[in-house]
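A.B. asks: Pasting the feature list from TrEMBL:
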type: TRANSMEM; residues: A:9-30; note: transmembrane segment
type: DOMAIN; residues: A:95-304; note: domain 'ABC transmembrane type-1'
type: TRANSMEM; residues: A:99-122; note: transmembrane segment
type: TRANSMEM; residues: A:134-157; note: transmembrane segment
type: TRANSMEM; residues: A:177-196; note: transmembrane segment
type: TRANSMEM; residues: A:235-261; note: transmembrane segment
type: TRANSMEM; residues: A:281-304; note: transmembrane segment
Ligand SMILES: Nc1ncnc2c1ncn2[C@@H]1O[C@H](COP(=O)(O)OP(=O)(O)O)[C@@H](O)[C@H]1O
Ligand code: SF4
Ligand SMILES: [Mg+2]
């Protein structure tokens, strides 16, 4: 497994380089001269010249890239034009918020989607299956923002159980942090839960017909053991792949959900950076997201191998 | 014939798809004593597997319903027992191995765990004891380097080795009855012989009674003490191996015999019975073999009862004993 992880990380390096080239070219592809934006209203030629020198805009483009990548490797992703904060610091501030939201949403989705999928496959054709499918279908068709607003109205405004917005760092007050985040995570998790439920159900249906499940029953194992140890374990193999594919949806959904619940996360950072042409921040965000995707894929492959011993040889 | 209670006494077993007009398995009866091997033989689709699965209580979750009959196994009626009773018997007193060794083991679990799991479930032993028993069983089914196999996965083993693992798993709790549903059909000829050998020896060693399901009379000749010949869901002839091989009485059994190269004499040519098995929808009310039977006449429009000709040799044919029918069967030879 360690050798596998090492191999996967080495294979990922060219991908990271490609992403970084793309991110670097953003600066040149996007309309507008970033130096002019940086120089401010006066456009003092001396300042512009100094900035061009500082950011090596006079060098050939490959040299510029190398300089930029060298800085990035050392954690210097530039300075936000808007807040004058280092980009890495900004991202380091906002990313944990979004990660917490995404992870909580994924946990909620897994806790709802997988048991519901197992149950509806096991009880195929009964009312339990019907109810699970109808709920899943509504989970898929109800837009996130609508569900979010309805929940705020019901749970926060009417019942006053949970705050409608805000954020508390996990490190400061874990309980309160989870309390604040649970409703947005639920909103973000429902669509994912529905997708997971559908995939778990169909994977379980085919696994339950398999010969080895019949063998497990022929051994006299309890139904619970047959379902979880013998059937679900195999059904999870395709479901894990689906979870990886859902990661993009999860991030995109997080951006939207953060807007609804006014959570100061990555999503807000993205929106602010794009609207303010804060190039360095946009670059940093794209780079971090790309690397996060690669990381998630490696994790999913590792899980896939653990579940599927045929892959491990 | 023993006077004592048989180990398994199946009587009148019928299985039907919910809503179908004819049962798929119709009034099947047989008995089996401790240590005996019964071969159930018949063409594909005649209901052999359904019979076995019904005895195991493994028809739940399918559209198939047990419609009648009893199957007394050591004081328990397998056909009416609760799932929890059946579960405590399955894999313990009654074990089963299946036709497809390639798909019958769980691809995600280690061989040793899959065997030990059955032992732990029924004996409540520790992890170590389960593993020790698994190793012992792998050695008994003559898997080379058994110790190192314990932690391997099914895909690392050949089909023959996987079937050995299935046998080890089935016998791990010393069952009184082992049901083997075409255990060698999916294997190469040389491996088939090895597996049959192994099963015969283990049967002798453990004293487990066996129900061996096959469509191959060669397997029957190798293994059986008793034979039941099935056709289209019914037993058409049953008796001791000598009775069936030396004095076959049902026209279908005669047909099967002449389709067996080693028994039909000189040539390697296979003789096949013309015609096909009627489909469940247009199953005749009378003898189900009538459409293919050279002896068929008006009498055969009524279902022939399974009657005892002599000393446990049972035949379901209006014209048995066939010697009295006075017509030579006209089986055609095919290349
Ligand atoms: N789950 C099922 N639903 C409906 N029909 C079935 C099912 N399983 C088997 N059958 C039918 O029952 C008959 C007997 O099947 P089976 O016992 O598997 O035959 P075999 O003697 O080859 O083992 C076949 O005609 C088959 O099509
Ligand atoms: S009862 Fe009639 S049709 Fe059936 S096997 Fe006997 S002779 Fe043939
Ligand atoms: Mg079969």
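Each residue's number is its place along the chain shown, starting with 1.
Any Cβ shown, glycine's included, is placed from N, Cα and C.
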A.B. asks: Tell me whether the transmembrane segment (A:177-196) sits in contact with the transmembrane segment (A:99-122), defined here as at least 3 Cβ pairs under 8 Å among residues 6 or more apart in sequence.
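C.D. replies: Yes, the transmembrane segment (A:177-196) and the transmembrane segment (A:99-122) are in contact.
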A.B. asks: What residues elsewhere in the chain lie close to the transmembrane segment (A:134-157), defined as a C-beta under 8 angstroms and at least 6 residues from its ends?
C.D. replies: 116, 163-165, 183-184, 186-188, 190-191, 193-195, 197-198, 253, 256-257, 260-261
A.B. asks: When you scan the chain for residues with a C-beta under 8 Å from the transmembrane segment (A:281-304), skipping those not six or more beyond its ends, what do you find?
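C.D. replies: Contacts with the transmembrane segment (A:281-304): 1, 4-5, 8-9, 12, 15-16, 19-20, 22-24, 26-27, 72, 77-78, 80-82, 87-88, 90-91, 95, 237, 240-241, 243-244, 247-248, 251, 266, 269-270, 272-274, 311.
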